[in-house]
Amino acid sequence: QASFESIRSHPPCKSLSSPKPRYGNECTKASAQSCGECIQAGEKCGWCTDEDFLKQGEQKSTRCDEVEALIKKGCSEASIENPRGTVSVNKNQSLTDRTKDGVKLKPDQITQIQPQKLTLDLRSGEAQTFHLTFKRAEDYPIDLYYLMDLSYSMKDDLENVKNLGTDLMLEMQKITSDFRIGFGSFVEKTVMPYISTTPAKLLNPCTSDQNCTSPFSYKNVLSLTADGFQFNNLVSKQQISGNLDSPEGGFDAIMQNQIGWRNVTRLLVFSTDAGFHFAGDGKLGGIVLPNDGKCHLQDNMYTMSHYYDYPSIAHLVQKLSENNIQTIFAVTEEFQPVYQELKNLIPKSAVGTLSSDSGNVIKLIIDAYNSLSSEIILENSRLPEGVSISYISHCKNGVSEKGENGRKCSNISIGDQVTFEVAITAKGCPSNGKSETIKIKPLGFTEEVEIVLNFICECECHKDGIANSPVCHFGNGTLECGACRCNEGRIGRVCECSKDEVRTEDLDANCRMDNGTDICSNNGDCVCGTCECKKRDNPEERYSGKFCECDNFNCDRSNNKLCGGHGRCECRKCICDANYTGSACDCSLDTSTCLASNKQICNGRGTCECGVCKCTDSKFQGPTCEICPTCPGVCTEHKDCVQCRAFGTGDKKDTCEEQCNYFFLVMKKKKEELPQPNDQPFINHCKERDANDCWFFFTYATKNDSTVEVHVAEELECPSGPDIIPIVAGVVAGIVLIGLALLLIWKLLMIIHDRREFAKFEKEKMNAKWDAGENPIYKSAVTTVVNPKYEGK
C-alpha cells in the first residue's frame, strides 16, 4: 500500500526590501542546448526549429526563449516547438446511491468519488487542473471495533460494555443496515516496570480479594461480526487485569488491528481512563527496537510487546491512514486535553467524554460518527520529486477555500455533493524519465483516485531527428529540431570541429576581426574557430556578426529611447520606420504637426522640418509661426485701410485706392449684423477709435482661398458732451457740505476740549487742603493776671 501524507501550505517568504528589476527570463537563463532542455526551463519557453533562425555569431541557446520573443526575432509560429500538457480521464463511473433499481449494492459496487483514474501529461512549470466530485452514499456499511483498556481502573466500565453489542446494533441500524462490530482489549507490556513480574502478581495482578486475569499487552477478543449477541457473550467473559504505571500500552494494540476489516467505513473506538505510552518509553523496560508496524498476533494475542518499542505518533498516524481507519477516543474528562492534542495530529479522528462507568458510550459513538462522516478531507500519496499539488474546495452553499482548507469540506450530509479543484505541477523531469503514479483519496474511505503522471521531457521534433545528418558537418551529429546535436568528441554549432585535432591558437586566429587582437570583439567566445556571441541580461539586447562586432542596443537615442522609438537598431545603426529619418530616427517627415489653424503650413511664414516649424522671419515664433510679439494686432494693422474705405477718413484717406484694395469690403448698418464666430471659422472682431473719439466696428476674416473679407458697421458709437448744470450744482453742493462738515468737526473738538478742562478743575478742587492755624503776628486785647499768693481757697 502506498503511504499517504497530508498537504501543508506555507506562505511565501516576503523580502523586506523592494526587489531590484531583473532582465532576462527563465528561458534565456537556462542556456538550453536542445529542445528538450528548453521546454523544461519553464512553461512559457519555446524552441525555434527554423534552421535559418540563428544570425551569424548567435549561440544555439538563442533558439530557446519565450514564444512572443521568438516571434519578434523572426521565428514563425509554425516553427516553434511549444508542447502543452493534457488531462485524460481513463475511468469515470458515475456516482451511485446505496440502492439501485431496488437492488441492494455490495460495498465494492458503490462509487462515492468521480473520476476514478486519470492520466496527466505534465509540462515543466505548467499546472494541469482537474475536478474531483464526492457524494456521500446512503446506507453505507460500517465496521466498528471497540478497543478497551482493561486495567483495574476500568472495572465498572467493563460491566456496562458487556451489553454494548445489541444496544449499539439497534442504534446503528438507524444509520446503516450493514453493521459489524468487534472487541479487543489491552493493558500494558508484560515487563518491568510496567507490571509486577513476581509469580503471584503475574497470575493475579490485583489485590488478594480481587480476581483478575494475568496482564497482557493486547488481545483480539472478537473479530468483526454482525452478531451482537456473540459480542455480548464474549465480552461478558472478560476480566479486569492490572499494571503498575498510569499510562497504558494502547498504541501497541492499535498497531495490531488486523481483525478482518472490509472496504467500508472503519471506526476504531479507543476507550480508556489514562494516558498513553509512545516511542522511547520502552527504554524503561530495556526495549530499544523501534516498532516495525507489522502484525504479530498468535492465537489473537500480541506476542512481541517485550521485543518492540511503542510506536511513535507519526507511525500511528501513517498506519491509521493506510488502513482508512477513523479513530474515536472515548476518554474520561481528566484526560480530555491530552487526547484533544492527539486528535489534532491524527486526521479524521474525534474525542468524546466518557462517563466514569462508560454509561454514555453509545451516544458518544453515534455523535462522533456523525461528526467524522460529515467532514471530507482529501489526502494524496507521496509525490515524486519536483511535483507539487494544490487544492481548491467548492463546498455547500457556494463556499470555496484554498490552501490547507482547500482539501476539506464540512457539514456534508448524506446525498450532498461537493467538488475539489486539483492542480498538479511538475518542475523539470524525473531523473529516470519514467511515468509515476500517485493516488488521492478522502480520509476514512477506501475509494481512491489513481493518477498516472507522464512527463513531457522531449519535443515532438525529437522523434524526427536525422542521425549523422550532412548538415552537421558531414554527419558528425544529429539534426534535431533545427539544430545539430553533436556526436561524442565533436564541437561547434554544426559539429565542425574535433576536440582532439584542432589547436586553440589556430582557432582563435579565425575569431579576430581585421587581424586585430580582440577575440570576437570582446563580445563573445571563440568556439571551434567561430565566434559565439555572449548573451546579455536583457534578452532584447543581442550581439551578432561574424566577429560579434554588431549589436542592437548601441544606436543613437532620442528622448532616452533607442532610435527615438521609431526604428530598429541593426549593427549599431538605426533603420528608421516610414516617415522618419535621422541618425536616431527622431526627424518626422509628417507635416500635420506644422499645420496652423488656417490650414497653412507654418502660417506661410516658415518651413516644416522634422515635424517642427522653422520660421523664416525672425519676428514670428510659436509652434506654427503664429505669434509676433512686436507686430501690431490684426485690428490695429488694418484699422486705417478699413476707416478710409468705409468712411473716407483716417491717415490713409489720400492713398486709400493704392494701399487698401487688398480686401473685399461689405457694409452693415449695425454692429449686431456683423458675422459671428460661428458663421466663419477664422474671423477677428475689431473695435477701433477714430479721430473724433468715436468707435467703429468691423470684422476681418481670411477665406480658404486666401482672400480677405471685411465687414464694417456704418453706425458709430460716439461719446455725448457733458451736462454743465449738474456739474456746477454738484461742485457747489460739495463745497457747502465740506464746509458744514468742517464746522461740525471744529465744534465737536471744542466741546471735547472744554469738558476735559472742566474735569481737570474739578479734580484739583477736590485735592485742595486749607490750614486752620493762628496768625503769628496777632496779639489779643485781653491781659490775664494771676495772684501768686492765691491758694485756691
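Cβ from N, Cα, C; glycine included.
Curation plays no part in TrEMBL annotations; they are all automatic predictions.
Features as listed in TrEMBL:
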{"type": "DISULFID", "residues": "Cys35-Cys45", "note": "disulfide bond"}
{"type": "DISULFID", "residues": "Cys38-Cys75", "note": "disulfide bond"}
{"type": "DISULFID", "residues": "Cys48-Cys64", "note": "disulfide bond"}
{"type": "DISULFID", "residues": "Cys497-Cys511", "note": "disulfide bond"}
{"type": "DISULFID", "residues": "Cys526-Cys531", "note": "disulfide bond"}
{"type": "DISULFID", "residues": "Cys528-Cys563", "note": "disulfide bond"}
{"type": "DISULFID", "residues": "Cys533-Cys548", "note": "disulfide bond"}
{"type": "DISULFID", "residues": "Cys569-Cys574", "note": "disulfide bond"}
{"type": "DISULFID", "residues": "Cys571-Cys602", "note": "disulfide bond"}
{"type": "DISULFID", "residues": "Cys587-Cys594", "note": "disulfide bond"}
{"type": "DISULFID", "residues": "Cys628-Cys631", "note": "disulfide bond"}
{"type": "DISULFID", "residues": "Cys660-Cys694", "note": "disulfide bond"}
{"type": "DOMAIN", "residues": "26-76", "note": "domain 'PSI'"}
{"type": "DOMAIN", "residues": "34-459", "note": "domain 'Integrin beta subunit VWA'"}
{"type": "DOMAIN", "residues": "635-723", "note": "domain 'Integrin beta subunit tail'"}
{"type": "DOMAIN", "residues": "747-793", "note": "domain 'Integrin beta subunit cytoplasmic'"}
{"type": "REGION", "residues": "1-23", "note": "region 'Disordered'"}
{"type": "TRANSMEM", "residues": "724-746", "note": "transmembrane segment"}
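The CA atom of Cys602 (disulfide bond) is located 17 Å away from the CA atom of Cys587 (disulfide bond). Counting only same-chain residues 6+ beyond the ends of the transmembrane segment (724-746), none has a CB under 8 A from a CB of the stretch. Checking the disulfide-bonded residues (Cys511, Cys533, Cys571) against Cys526 (disulfide bond) with a 10 Å Cα-Cα cut-off leaves Cys511, Cys533. Long-range C-beta contacts of Cys531 (disulfide bond), restricted to its own chain and to partners at least six residues apart, with a cutoff below 8 Å, comprise Gly57, Cys511, Ile519, Cys520, Ser521, Gly524, Asp525, Gly545, Lys546, Phe547, Cys548. Cα of Cys528 (disulfide bond) to Cα of Cys497 (disulfide bond): a span of 6 Å. As a whole-number mean, the pLDDT of the domain 'Integrin beta subunit VWA' (34-459) in this prediction is 87. Neighbour list (Cys497 (disulfide bond), Cβ cut-off 8 Å, at least 6 residues apart, same chain): Arg490, Ile491, Leu507, Cys528, Gly529.
Of all the disulfide-bonded residues in the list Cys45, Cys563, Cys571, Cys587, Cys694, the shortest Cα-Cα distance to Cys38 (disulfide bond) is found for Cys45. Note on the disulfide-bonded residues Cys64, Cys548, Cys574, Cys594, Cys628: the fewest other CB atoms within 10 A surround the CB of Cys628. The Cβ neighbour count for Cys533 (disulfide bond), using a 10 Å radius and every protein chain shown, is 25.
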